Amino acid sequence: MAQHAVYFPDAFLTQMREAMPSTLSFDDFLAACQRPLRRSIRVNTLKISVTDFLALTAPYGWSLTPVPWCEEGFWIERDDEESLPLGSTAEHLSGLFYIQEASSMLPVAALFAEGNTPERIMDVAAAPGSKTTQIAARMNNQGAILANEFSASRVKVLHANISRCGISNVALTHFDGRVFGAALPETFDAILLDAPCSGEGVVRKDPDALKNWSVESNLDIAATQRELIDSAFHALRPGGTLVYSTCTLNREENESVCLWLKETYPEAVEFLPLGDLFPGAERALTAEGFLHVFPQIYDCEGFFVARLRKTAAIPPLPAPGYKVGKFPFAPMKGREATQITQAANASGLQWGENLHLWQRDKEVWLFPAEIEALIGKVRFSRLGIKLAESHNKGYRWQHEAVIALADPHHANAFELSHQEAEEWYRGRDVYPQTAPSADDVLVTFQHQPIGLAKRIGSRLKNSYPRELVRDGKLFTGND
């Protein structure tokens with residue numbers, strides 16, 4: 001694999017020499033940083049099992065090497081990457097996998113370690129959504145996830161990835177993560193804080209990542225991280241699990257932040273060792289039980305993961321002074337709820353008791369029941385999934401609901417050919433050789449729902465959202 005020139009400040013190299021255990025070679029560290037990063041994917045088990053995914057993609061000649069800490073994770077090598085980007089393959093467009101760096105699969109593995117089954121989880125810094133979607137898959141779309149993102153421009157990307165992966169148990173918020181300790185005290189069974197950091201671990205992906213690096217900047221970032229972990233710890237219920245992670249390598253932003261929390265709340269913080277998280281984890285284990293992953297250890301990005309338990313309640317923060325405002329939705333019950341449920345079922349859309357119907361004007365939504373207790377305490381950007389818009393003749397089912405809820409084996413399902421599916425993703429109407437008998441058609445490809453269509457004569461009218469329409473080379477090259 002080709003080398004690429006990485007910029008290293010002298011002070012950074014000095015710091016790394018001091019931070020690196022004597023069991024590791026500094027020359028190996030430098031060599032690993034100069035190698036381009038191996039690409040990796042995570043199979044979305046909400047859509048397909050790992051076994052079925054491997055069978056489906058076997059004809060493509062992809063080389064898939066298992067990621068040791070994530071059963072659904074694989075490093076991937078392909079011969080046709082230049083002619084067909086991984087993100088344009090049929091399997092990616094239909095949400096069967098997520099392009100995710102192997103190291104970033106570690107925090108969620110830690111969150112669910114030792115049989116942990118949290119019902120209500122917060123992802124404090126969620127965009128672009130790799131870990132939120134991984135959490136949702138581990139929860140099998142049950143319970144609820146509050147996915148927060150401070151950057152307004154990244155909230156849209158977060159929602160797009162959640163929607164593509166068929167996730168229904170997420171509520172989105174757009175706040176500075178430091179507000180949650182006061183706004184939602186002792187609310188969550190588990191919290192992931194993948195903290196904003198100096199990004200020292202990503203030089204294999206971005207050789208210029210350290211151009212603006214300085215010790216002073218790292219200390220400023222660490223101060224923010226302490227405020228974030230303090231807020232997250234307040235929002236965690238006693239007995240709950242907090243995973244703290246970064247994609248950086250210095251101790252100030254990693255071990256020191258966790259040790260500061262333990263010094264601040266000595267009776268309430270317990271470090272949960274991660275040495276048994278996966279075979280070989282002990283190679284990255286610190287004295288405190290954290291994983292400090294230098295890039296040469298597993299040939300991946302540099303990363304840090306710590307797992308903590310809150311063993312006791314701590315004094316609450318002052319209640320926030322803001323007003324959330326009137327909640328614009330009302331629960332949908334009785335005959336109305338029965339009517340839309342029956343209509344949805346008839347169109348191939350189904351959901352369980354963990355999702356509840358809510359209404360705003362002509363919009364009908366499904367909210368995760370586990371999040372309803374938070375309504376009125378915090379303002380949501382988006383809650384659950386939009387199911388439908390009602391109109392005089394019935395309901396207009398929404399694309400995100402189809403992707404999350406549709407049964408691909410329903411009587412109205414119609415399987416497209418490779419060429420027809422490519423036309424669909426380009427936003428064009430489809431003219432199948434044999435038209436379906438139903439007027440409202442659940443369009444599938446590889447037996448995965450990819451949208452709804454109206455049959456008009458021999459034509460299937462495309463309803464694929466305009467903002468998702470693709471051009472350039474698509475996946476017919478996989479034939």
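Yeah, the Cβs are placed from backbone N, Cα and C, and that goes for glycine too.
Taken verbatim from Swiss-Prot:
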BINDING   Ala125, Ala126, Ala127, Pro128, Gly129, Ser130, Lys131, Glu149, Asp176, Asp194  S-adenosyl-L-methionine binding site
ACT_SITE  Cys247  active site, nucleophile
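Here S-adenosyl-L-methionine is bound by Ala125, Ala126, Ala127, Pro128, Gly129, Ser130, Lys131, Glu149, Asp176, Asp194 per the record. The longest Cα to Cα distance in that group is 20 Å.
Same-chain residues at least 6 positions away in sequence with a Cβ under 8 Å from that of Ala125 (S-adenosyl-L-methionine binding site) are, in sequence order, Asn148, Glu149, Phe150, Gly177, Leu193, Asp194, Ala195, Pro196, Leu228. Within the same chain, the residues at least 6 positions away from Lys131 (S-adenosyl-L-methionine binding site) whose Cβ sits under 8 Å from its Cβ are Ser104, Pro107, Val108, Asp123, Leu192, Asp194, listed in sequence order. The C-beta environment of Cys247 (active site, nucleophile), restricted to residues of the same chain at least 6 apart in sequence and closer than 8 Å, consists of Ser103, Ser104, Cys197, Gly199, Glu200, Gly201, Val202, Glu301, Gly302, Phe303, Phe304. The local packing around Gly129 (S-adenosyl-L-methionine binding site), expressed as other Cβ atoms within 10 Å of its Cβ over all shown chains, amounts to 27. Under DSSP, Ala125 (S-adenosyl-L-methionine binding site) is assigned to coil, being neither helix nor strand in the three-state scheme.
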